[in-house]
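Engineer: The structure under discussion is supplied below as structure tokens; questions concerning it will follow.
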Amino acid sequence: MGKLLALSVCFCFLVLGASSISFRQQPEENACQFQRLNAQRPDNRIESEGGYIETWNPNNQEFECAGVALSRLVLRRNALRRPFYSNAPQEIFIQQGRAYFGLIFLGCPSTYEEPAQQGRRHQSQRPPRRFQGQDQSQQQQDSHQKVHRFDEGDLIAVPTGVAFWMYNDHDTDVVAVSLTDTNNNDNQLDQFPRRFNLAGNHEQEFLRYQQQSRRRSLPYSPYSPQTQPKQEDREFSPRGQHGRRERAGQEQENEGGNIFSGFTPEFLAQAFQVDDRQILQNLRGENESDEQGAIVTVRGGLRILSPDRKKRQQYERPDEEEEYDEDEYEYDEEERQQDRRRGRGSRGSGNGIEETICTASFKKNIGRNRSPDIYNPQAGSLKTANELNLLILRWLGLSAEYGNLYRNALFVPHYNTNAHSIIYALRGRAHVQVVDSNGDRVFDEELQEGHVLVVPQNFAVAGKSQSENFEYVAFKTDSRPSIANLAGENSFIDNLPEEVVANSYGLPREQARQLKNNNPFKFFVPPSEQSLRAVA
């Protein structure tokens, strides 16, 4: 009996341990064999009336190795990124701007309710729905899930299958960089990023690359892009620009390009209990102009129900409200709770009660306007977001860091023990070197603003700023990435006995001591005196 109990306990620990760390699938064989790494630039732009989306080719070997896809979104004034969801989790870093966003968790309550009368506090209970036969003159107040604010430097976590939207209510363009983790175990489809649009009739941002991948020789999968119905069986118009698909010269009823477009009007009329033809047509993406796209311009601005310190519970236009972030209002208490969780020790120690999905935090500011985790006044700063300070990242299996490196300062050679690092250059430029397991430099170039460099797991990387400031965000494919420094205080060399250093590198004891102790810095190394004289 005792042996059986012990075996059961061991089995439980194995299951719990596997569930807490098994976030990613393995890449294809030889996907991470590199003779050379390349800094990648976006190679496709999809224009919309309210902005545009740029994408990097996910078929590039570097992205296939890391199992990720990257895109960049630009929202102009009064622009709405229409709702969509993805087949894999996302991390979105706000490079510029301040605006609204929403995440729709099905099953969570609608906690924001429009007041019954303008200027009056809303009722605590949701107004009853109108059923068939009820007087249509009755006006139902709007209610919806929480609307959030984001600022420059915020990192937003978006779980798989969760609908997401954005709206820019300011004059400054919003620039958002999004990483999609297609190798995540939450993605049960093939390793290709998909956007399931919930409105409109526009091109999927990664569709171009999906069509290219159909020509590749891949093993059969019922979800593979290769396995499309034969042309004679059914014709597809992936973009649906004009909302028309034909078969044998007859116009088909399927029109549009969003998730509702494939359902017949009869199904939708019954599902939504509406019989207005225009409602159904617009729902299915018909009557769309080619210019609208994924980002539409809201004429006169979007009406947002949002808490405000002076006009709480009022329904007003966002450009009239005080500059106020309702998430930031509760920031201190949230940080205190997270600090308490951090003090509990081992990974997976949470009991699941501290934070439910309906009240979870989905963003954290890691930009330059927050106190950094690592700081050297002569060299730079670093701020991280991981499962310890943004709990939702444990679910996603992702993390990120923001770095700011001053001119001629260096971040020491280091590697990630358990994650790939996808470095996106935000501003400035830096000379970056990456070394593989054979000791070969696979990257030795300047990384410029807007470029992306994938550093595979365990590849060593170092960088030196070539501009006044080199700012970057590094997305990591683990929720609690571990960094091993190869130089400086508390590094690999620093923690070896002098005798081991001397005999490993064939050095006299005094030189071995210099190698160990000459650099007192942990991560950022200030410019050398020679560099400072050169600048002067």
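Using the three backbone atoms N, Cα and C, a Cβ is placed for every residue, glycine included.
TrEMBL: automatically predicted annotations, no manual curation.
Copied straight from TrEMBL:
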type     : residues : note
DOMAIN   : 35-280   : domain 'Cupin type-1'
COMPBIAS : 119-129  : compositional bias 'Basic residues'
COMPBIAS : 143-152  : compositional bias 'Basic and acidic residues'
COMPBIAS : 318-336  : compositional bias 'Acidic residues'
DOMAIN   : 364-513  : domain 'Cupin type-1'
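I'd like to know what surrounds each of these features in this structure.
Structural biologist: In the compositional bias 'Basic and acidic residues' (143-152), helix, strand and coil residues by DSSP number 0 helix, 6 strand, 4 coil.
For the domain 'Cupin type-1' (364-513), the mean pLDDT of the prediction comes to 96.
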Engineer: Quick one: DSSP breakdown of the domain 'Cupin type-1' (364-513) into helix, strand and coil?
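Structural biologist: When I sort the residues of the domain 'Cupin type-1' (364-513) into the three classes, I find 18 helix, 69 strand, 63 coil.
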